[in-house]
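**Student:** My structure is below; once you've seen it, I'll send some questions.
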């Protein structure tokens, strides 16, 4: 059916090869990724709690940060628990329907995050370039609309990609990855997947370059506005409001471009696994750390909440 003498099979479950077959390496990875997963969960839940409890953080910037933290929390949970279980399991299998759900949810949340980073860049542009009209422009309705639009765009794109991926006839059920990642699943097909690779490339280009264009536009205007500020303190304050977001943008977009926009001949599956691991586990862990450690308002809110709890004791 298509390529050579390969024949289609009916798949009820997939076997995941994971990151390593060595038992000692798997135990070491289990400990490392479990620690990262705990930090990710605690960090993002803490960000959500602080924004909810401290009225000083009830601003558009922190509204988008709370949505980003929620997306990161869900994204990490779509991969990490299964990955941790497989490190300690001899049979690394996942049911067909669970694989479909994992691919759909992870693609949807990953795509939504790119659009959210674009919306956050626009928020920073308005804050720096139009400070007197910031609250009027970034009103509650617009913030909710932008956040909802980001999520809808991510989930609609993921639905399309998931459907065209799992409609392909499959020749075997062994996935050379630690999760149901779209490029790894495509390798199981019995037929020519050139169309699917083109669709993944187009989708990746739009998901990455559209928000990236908004980020570049916003920060181009921000830099121009900062350069017009005469005082050094004023420049530092204006740049300080954007530094955390810019760090996360570079980290997330860099990993995505490496995975989806590089020529396939330039990458190996092992490299793609490492980048996918970074995006699935490391990035959601670093985001709350970056936004908290580099943000005086978040640290002040943490101190305030901590003092309240101490006073109650």
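The backbone N, Cα and C atoms fix where each Cβ goes, and this holds for glycine too.
Predicted automatically and left uncurated, TrEMBL annotations should be read as such.
According to TrEMBL:
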{"type": "TRANSMEM", "residues": "27-50", "note": "transmembrane segment"}
{"type": "DOMAIN", "residues": "43-291", "note": "domain 'G-protein coupled receptors family 1 profile'"}
{"type": "TRANSMEM", "residues": "62-80", "note": "transmembrane segment"}
{"type": "TRANSMEM", "residues": "100-122", "note": "transmembrane segment"}
{"type": "TRANSMEM", "residues": "134-156", "note": "transmembrane segment"}
{"type": "TRANSMEM", "residues": "198-217", "note": "transmembrane segment"}
{"type": "TRANSMEM", "residues": "238-262", "note": "transmembrane segment"}
{"type": "TRANSMEM", "residues": "274-293", "note": "transmembrane segment"}
**Student:** If contact means at least 3 Cβ pairs within less than 8 Å, sequence distance 6 or more, would you call the transmembrane segment (134-156) and the transmembrane segment (274-293) in contact?
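**Tutor:** As far as Cβ distances go (cut-off 8 Å, pairs 6 or more apart), the transmembrane segment (134-156) and the transmembrane segment (274-293) do not touch.
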**Student:** Look at every Cβ pair spanning the transmembrane segment (100-122) and the transmembrane segment (238-262), keep those 6 or more apart in sequence, and say whether at least 3 of them are under 8 Å.
**Tutor:** yes
**Student:** Quick test of the contact rule: Cβ under 8 Å, at least six residues beyond the ends. What residues does that give for the transmembrane segment (27-50)?
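**Tutor:** Same-chain contacts beyond the ends: 19-20, 57, 65-66, 69-70, 72-73, 76, 80-81, 83-84, 87-88, 281-282, 284-285, 287-289, 291-292, 298, 301-302, 305.
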**Student:** Look at every Cβ pair spanning the transmembrane segment (274-293) and the transmembrane segment (62-80), keep those 6 or more apart in sequence, and say whether at least 3 of them are under 8 Å.
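**Tutor:** As far as Cβ distances go (cut-off 8 Å, pairs 6 or more apart), the transmembrane segment (274-293) and the transmembrane segment (62-80) touch.
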**Student:** Quick one: mean pLDDT on the domain 'G-protein coupled receptors family 1 profile' (43-291)?
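**Tutor:** Per the prediction, mean pLDDT sits at 87 for the domain 'G-protein coupled receptors family 1 profile' (43-291).
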